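Participant: If you scroll down you'll find the structure; I have some questions about it.
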Amino acid sequence: MNKIAYSYVDEHLISPSLICPICLDILEDPHTHTPCDSAFCRSCILQLAEPLCPICRWTWDDTIPLQYNISLPKANRLIRNMLDDLLVQCIYCHTIRRRGQFEHECQPIEERLVREHIQIIPRKKLVQYQMILSILGIVLFLLCIYYYRKYVFEKVIDRRSEIIKDIGYNIDYFLLETIYCLIRKIVEYSMTVFVINIGFWFSIICFGDRIISKRNNRMLKNLLEISIIVNLIIYSISN
């Protein structure tokens, strides 16, 4: 397990008893000095210039390999379990795990972002191509209608002429007159519709939540408000 590959989560909350007195960092592969019961990192002990305990100043035989030195055995199971339970975060992929279970298949964020970016670029290009093709298709469709407009609208024009001849009345004028009458009726009854909308609006405000859902209540309220504004505009124009 590479110590450089992770950082500790909430390091300021970690117990001082898990700190190495030599490097002042969290213990790694801890060994306990039995005379003073102090724990040190294995790498820190091996790097000492003299075989001298920095806490109790006791000297040990440095000719004996560390794994066989009875004065510097591995730390007890309790300390190692506490260290293994510490939460660490991978500096590459930001995965958070317990230190004892840190090993994982890591994919650095930079590499992952590059791969995602490479996958996104073709999709963006595909969308752009689709938009261009759609626009070209619409333009071609309109051009076809324009060039063949006589064939497309010939039947409609002929049918309109036949209707005018049969009824002896200009159908365009008839439609315009009908629309004008409808607009006049709307203007005449705009105040009545306005009063009705006001009544519905107050009903929705007071009792809407009890009858319908909040979403439908909001939509209906907005619709009534728009209708009220339109009626006011129509009434003001007519007067």
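Residue positions begin at 1 at the first shown residue.
Every residue gets a Cβ built from N, Cα and C, even glycine.
Small disclaimer: the values here were computed from a predicted structure and weren't measured.
Heads up, here are the entries from TrEMBL:
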- 20-57: domain 'RING-type' (DOMAIN)
- 129-148: transmembrane segment (TRANSMEM)
- 186-207: transmembrane segment (TRANSMEM)
Participant: For the domain 'RING-type' (20-57), what does DSSP give as the number of helix, strand and coil residues?
Facilitator: 6 helix, 10 strand, 22 coil
Participant: Kindly state the mean pLDDT of the domain 'RING-type' (20-57) in the predicted structure.
Facilitator: 85
